[in-house]
Amino acid sequence: MQLIINDTPQQFAQGLTVSELLEALKQPALGVAVAVNAQVVSKSQWSQTRLQDADRITLFKVVAGG
Amino acid sequence: MLTIANTQFSSRLITGTGKFASGQSMQAALSASGTELVTLALKRLDLVQNKDDILAPLQELGVRLLPNTSGAKTAEEAVFAARLAREALGTNWLKLEIHPDQRYLLPDPIETLKAAEQLVKEGFIVLPYCGADPVLCMRLQEVGCAAVMPLGAPIGSNRGLLSKDFLDIIVEQSQVSVIVDAGIGAPSHAAQAMEMGVDAVLVNTAIAVSPNPVAMGRAFKQAVSAGRTAFEAGLGSVQKNAEASSPLTGFLEHL
């Protein structure tokens, strides 16, 4: 299936969860937040949230700031 | 002790983590500053270039993290950013900031109040960056903000307490902690704010862009501590005319 990750289309296996996506992208769990189709996905739901073809995933990370 | 939302801090210096030359420099400067609460921001993840790890040096310091909503221009965007920050860091503490104008980065009072009300309902501990407007600060307190963070001067301007007279009123009226955020460019500004009785100050640029951030972090620590001690000791009254410190007995008049 195709996912749009931060505006870039990428191919992944069907039925991927948010947790599995972050693992595949080598992202740590801490300091990262995920929105699927502009809805924030709670970290407690990452392992149960299955992604669908054409989902728009937005990944955010914590950075330095004032 | 500084108390915010039933949490106590020995340090009254809150620091930002932006603009440091490196994570190492930031860690050393924050350590020297004695800060226990530091701000962070969020951005979209760059999947190609994603190397800087801001969290590891902060975890080593053991400081509490205070994510901000910088980049939000409306209440709706700020609420979205707050929810992201909560998931990213596992904290419901939030520095709410909404500044649509890029030139002066002045906070939007209407959007800030609207977002604060919503976020308090969602269980966030909200510390809003706001103008030094005593009426707005009361309104933010009424909707349940854990502190108010009025500005001294525009963010990063290093201009000090341009809003001093209004900060005085805010300190007088506020039932929650008052944290002067933005504009503090020198330890003397921080000391002045603390002498006025504000509960804490937030400093970022002045420490981060100093040629010696570690020494500047230490200088701010000392200034905040000195200012607080002076406030607690009680300052003398200000008056126009002189008042002699030595006895004026006229003992030389008949020589």
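In case you wondered, yes, glycine gets a Cβ from its N, Cα and C as well.
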Can you tell which of B:G156, B:G227, B:G234 TrEMBL lists as binding 1-deoxy-D-xylulose 5-phosphate with B:A182, B:G183, B:N204, B:T205?
B:G156
So how far apart do the 1-deoxy-D-xylulose 5-phosphate binders B:G156, B:A182, B:G183, B:N204, B:T205 get, largest Cα to Cα in Å?
9
If you count, for each of the binding-site residues B:G156, B:G183, the other Cβ atoms lying within 10 Å of its Cβ, which residue has the minimum?
B:G156
Give the helix, strand or coil assignment DSSP yields for B:K95 (active site, schiff-base intermediate with DXP).
strand
Indicate the candidate from B:N204, B:T205 with the smallest number of other Cβ atoms within 10 Å of its Cβ, considering only these binding-site residues.
B:T205
How many neighbouring Cβ atoms, not counting its own, are there within 10 Å of the Cβ of B:A182 (1-deoxy-D-xylulose 5-phosphate binding site)?
30
